[in-house]
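**Student:** Let me give you the structure first, and then I'll get to my questions.
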Amino acid sequence: MSGHLRLGVNIDHVATVRNARGSGYPDPVRAALLAAQAGADGITAHLREDRRHITDDDIARLAAELTVPLNLEMAATDEMLSIALRHRPHAACIVPERREERTTEGGLDAAGKHNMLAPMVSELKGANIRVSLFIEPDPAQIEAAIRLGAPVVELHTGRYCELEGEARTAELRRIADAAALAAKNGIEVHAGHGLTFDNVVPIAAIPQLAELNIGHFLIGEAIFEGLAPVVKRMRDLMDAAR
Ligand SMILES: CC(=O)[C@@H](O)[C@H](O)COP(=O)(O)O
Ligand SMILES: NCC(=O)COP(=O)(O)O
């Protein structure tokens with residue numbers, strides 16, 4: 001793969017700050033447009049069932065106003081499927097979700113949930129929405145994505161980001177091997193969760209990766225440096241890794 005590695009900027013936590021006071025600012029849609037101007041190839045937004053950050057209105061406005069593709073992250077529920085079919089984003093990434101979690105804790109069990117996921121994947125594809133499965137870098141989950149006919153997988157990098165030393169190196173190898181297996185089977189490979197300036201380069205260097213989705217760190221850094229500069233810096237780090 002190599003070539004241009006796309007950056008999807010996740011704007012969830014602009015909405016976290018907005019929702020802290022129930023104001024209309026900071027506006028996630030404004031952040032999305034600024035990130036796109038600064039070099040983001042796409043915008044990711046996670047409409048959680050508890051609407052803790054991104055709201056239904058945010059999705060409606062993003063779908064209407066974005067100048068780059070929208071990647072809607074969604075749980076595998078009838079409610080979210082209906083919302084995806086209504087707004088028809090460029091892409092939908094099916095992620096695991098628990099109300100009790102502070103953030104996504106791992107990948108979707110595509111292998112164990114095949115029968116539940118198969119009709120949802122088919123219906124999203126039928127609506128010309130590019131389906132992605134957010135999964136662990138695990139051969140069994142890659143095989144499940146192949147069986148489900150998912151055109152894209154997004155590999156969970158959270159464990160890699162939490163580990164250090166040899167354990168991190170081993171997890172990086174696991175991600176690289178999973179990316180190679182998926183790409184060999186015609187699946188487009190993305191990665192994301194927990195990526196920062198300090199840990200992104202080894203992930204970005206994996207040649208089979210087509211896209212990285214990065215949010216929480218960028219929004220945090222934007223408080224100090226501004227959104228455009230941090231998007232540009234992440235873009236530069238990813239480009240330099242190729
Ligand atoms: C799936 C993933 O890792 C993120 O894209 C997800 O959005 C994390 O959830 P929060 O944004 O609610 O932390
Ligand atoms: N799918 C990963 C994503 O969109 C952003 O995750 P994070 O950078 O907010 O951890």
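Backbone N, Cα and C define each Cβ position, glycine as well.
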**Student:** According to TrEMBL, Asp12, His13, Arg48, His53 bind 1-deoxy-D-xylulose 5-phosphate; which of Thr103, Thr157 is also listed for that site?
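**Tutor:** Matched candidate out of Thr103, Thr157, per TrEMBL for 1-deoxy-D-xylulose 5-phosphate with Asp12, His13, Arg48, His53: Thr103.
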**Student:** Which of these, Asn10, Asn71, does TrEMBL list as part of the 3-amino-2-oxopropyl phosphate site with Arg21, Gly194, Gly215, His216?
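**Tutor:** Given Arg21, Gly194, Gly215, His216 bind 3-amino-2-oxopropyl phosphate in TrEMBL, the matching entry from Asn10, Asn71 is Asn10.
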**Student:** DSSP on His13 (1-deoxy-D-xylulose 5-phosphate binding site), three-state: which is it?
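**Tutor:** It is helical.
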**Student:** Within the set Arg21, Glu154, Gly194, which recorded positions show a CB-to-ligand 1 distance under 6 A?
**Tutor:** none
**Student:** By a simple count of other Cβ atoms within 10 Å, which of Asn10, Thr103, the binding-site residues in the record, is least packed?
**Tutor:** Thr103
**Student:** Among residues Asn10, Arg21, Gly194, Gly215, His216 annotated as binding 3-amino-2-oxopropyl phosphate, what is the maximum Cα-Cα distance? Answer in Å.
**Tutor:** 26
